[in-house]
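**Student:** Have a look at the structure that comes next, please.
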Amino acid sequence: MTLPPPCFTDEVVWAQEELTCVCVDEGGYSLLFLGAVICGSAGAGPMADCVGGRLSLSLLLTVLQLGLCHGFSRAPLPFGLVRRELSCEGYPIDLRCPGSDVIMVESANYGRTDNKICDAEPFQMENTQCHLPAAYSVMSQRCNNRTQCVVITGSDVFPDPCPGTYKYLEVQYECVPYIFLCPGTLRGVLKPSFLFEAEQQAGAWCRDPLQGGEKVYFLPWTPYRTDTLLEFSSLEAYRGRRQSASYRLPHRVDGTGFLVYDGAAFFNKERTRNIVKFDLRTRVKSGEAVIPGANYHDTSPYRWGGKTDIDLAADENGLWVIYATEQNDGRIVLGLLNPYTLRFEASWDTSYDKRSASDAFMACGVLYVVRSTYEHSESQGGRSLIDYAFNTRLGLGGPLDIPFPNQNQYITAVDYNPRDNQLYVWNNFHILKYNLEFGPPDPAQVPTASETPMTSELPKSSPPVSLATTMPGEQVPFRTTPTGGPKGASQEPRPRPPEAVPPSGSAPPLPERLCEAVQRRGIAWPQTQRGVAVERPCPKGTRGTASYLCERRTGLWTPQGPDLRNCTSHWVSQVDQKIRSGENAASLANELARHTQGPVFAGM
């Protein structure tokens with residue numbers, strides 16, 4: 001039996017992940033799922049070869065609205081959220097998502113299924129049955145979970161499905177939030193894996209947590225001459241000294257506190273309290289922010305010196321600035337920095353003297369301070385360890401005792417990556433990577449009333465700290481106020497208070513009880529201690545974080561159910577972007593009507 005060719009229509013929208021498509025021939029239509037006809041009109045012929053075809057959006061909507069098919073196994077993808085890019089052979093295709101959203105490829109085709117796209121010689125456009133089934137897999141591996149992805153369309157990337165035909169690449173993708181799940185509370189630091197030797201004693205290296213792939217970035221540090229960032233496609237490329245790019249930064253750098261985050265390098269501009277953002281794609285400075293009151297240029301560096309007054313860090317919550325101020329007596333201050341506006345969203349004071357720290361990093365919203373020994377310093381003695389932690393969610397800080405392997409004894413940079421939960425360390429000419437051990441509880445969980453923190457750094461009232469930001473093209477810096485977050489006090493740690501002895505007539509303590517694991521509102525909630533509000537990513541198709549309280553009094557989940565007030569549909573951010581870009585009201589009204597024609601769930 002000869003099967004008809006894949007279906008084609010004038011209105012082109014690629015089939016989604018399950019390769020569902022509508023095919024039309026002279027006898028009628030067929031709706032297929034994974035290439036098998038699941039329903040069709042009376043005159044429709046077999047369409048088993050339609051897997052690689054394209055569907056008509058208007059036809060599909062008509063079929064679904066008329067109820068002509070009831071075998072559709074999954075609701076159709078909301079087409080308003082799908083982006084489409086096309087590039088001709090020999091040219092790059094550029095997939096890009098706004099903010100920290102990442103790419104999720106929905107479909108891809110490399111070949112030719114149309115004689116009106118990407119003009120060439122007539123004989124190179126005759127074959128319109130050219131399709132590479134592996135295109136989806138290739139593009140998914142290269143681009144998924146990245147905020148931007150550039151691929152050259154051609155045989156260097158894709159196998160040639162039809163030699164002699166001038167081909168093009170067509171991709172449909174969604175922009176979805178990349179959700180970093182907190183691995184828990186830090187329990188231990190394992191011995192480092194020795195990677196390579198470096199030519200410089202001091203420096204820093206990292207991977208971009210929001211980009212897939214194996215790219216690594218190196219910033220060797222030399223006093224007053226640090227202005228070049230090196231990029232390597234992988235650690236193996238670094239071993240062979242095969243750098244893929246070299247970036248001349250717009251300013252010299254103070255210290256080793258640089259970071260690459262979402263395709264941009266962030267660093268402390270030499271002799272200033274400024275943070276500079278440098279776009280690695282355009283090689284242009286895209287922003288500069290002043291940190292008011294921050295000590296700089298060897299006023300409050302880490303112990304080894306190196307003008308490391310201002311340090312940048314990344315974790316599951318975003319981008320952080322670790323610094324000190326005279327107002328806080330040279331002790332560490334934390335700031336949660338919006339990487340796109342360069343404005344502080346929250347800040348906290350701690351009680352740890354920054355000059356006593358060898359380095360520090362963030363993980364799950366918790367600051368961990370490393371205190372290590374250094375060579376040629378006989379007076380130091382002691383051992384290397386993580387000796388302090390500050391939980392920004394709870395506003396609590398206190399001492400720790402987690403050994404930190406340090407055989408090279410000259411730590412100049414420690415950076416945590418939330419994508420692989422590892423530490424990237426530069427230690428005395430050595431490039432190292434440390435695996436970490438995490439365990440319960442989640443640092444974001446609220447402690448029960450019976451728990452008493454070892455150290456309390458109580459919040460105090462203080463005026464909000466402004467952040468002066470200068471973006472390219474602006475003549476005068478403007479000042480903004482942080483949008484939220486506590487400003488902790490700079491009090492010294494206090495000893496744990498004595499436990500109160502209950503009077504003889506008091507009620508006995510509640511028996512230990514856990515809320516059982518349940519499935520509610522499309523989310524799997526784990527077994528949880530009483531009095532704890534556990535957080536989980538919002539249901540599939542939405543973004544944000546949901547919470548569910550295990551009541552302390554009853555040891556049962558709160559009858560109000562999970563709190564989904566922080567969950568929003570992906571299309572909400574899309575509409576918001578269109579509003580900000582100035583799209584006309586009629587178009588926005590139509591889009592809102594389309595998205596809200598079905599059930600809308602809000603709040604709890």
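Note that the numbers count up from 1, one per residue, in the order the chain is shown.
Backbone N, Cα and C atoms are what each Cβ position is placed from, and that goes for glycine too.
TrEMBL annotations: computationally assigned, not manually curated.
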**Student:** I want to verify the bond table. Which candidate from Cys175, Cys182, Cys550 sits on the other end of the disulfide that TrEMBL records for Cys364?
**Tutor:** Cys182
**Student:** If you count the C-beta atoms lying within 10 Å of each candidate's C-beta, which of the disulfide-bonded residues Cys182, Cys364 ends up with the smallest number?
**Tutor:** Cys182
**Student:** Average the per-residue pLDDT over the domain 'SUEL-type lectin' (87-176) and send me the rounded value.
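**Tutor:** For the domain 'SUEL-type lectin' (87-176), the model's average pLDDT rounds to 91.
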**Student:** For Cys364 (disulfide bond), just give me the three-state DSSP call.
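**Tutor:** Looking at the DSSP assignment, Cys364 (disulfide bond) belongs to neither helix nor strand, so coil.
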**Student:** Per DSSP, what is the residue tally for the domain 'SUEL-type lectin' (87-176) in helix, strand and coil?
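**Tutor:** Final tally across the stretch: 12 helix, 35 strand, 43 coil.
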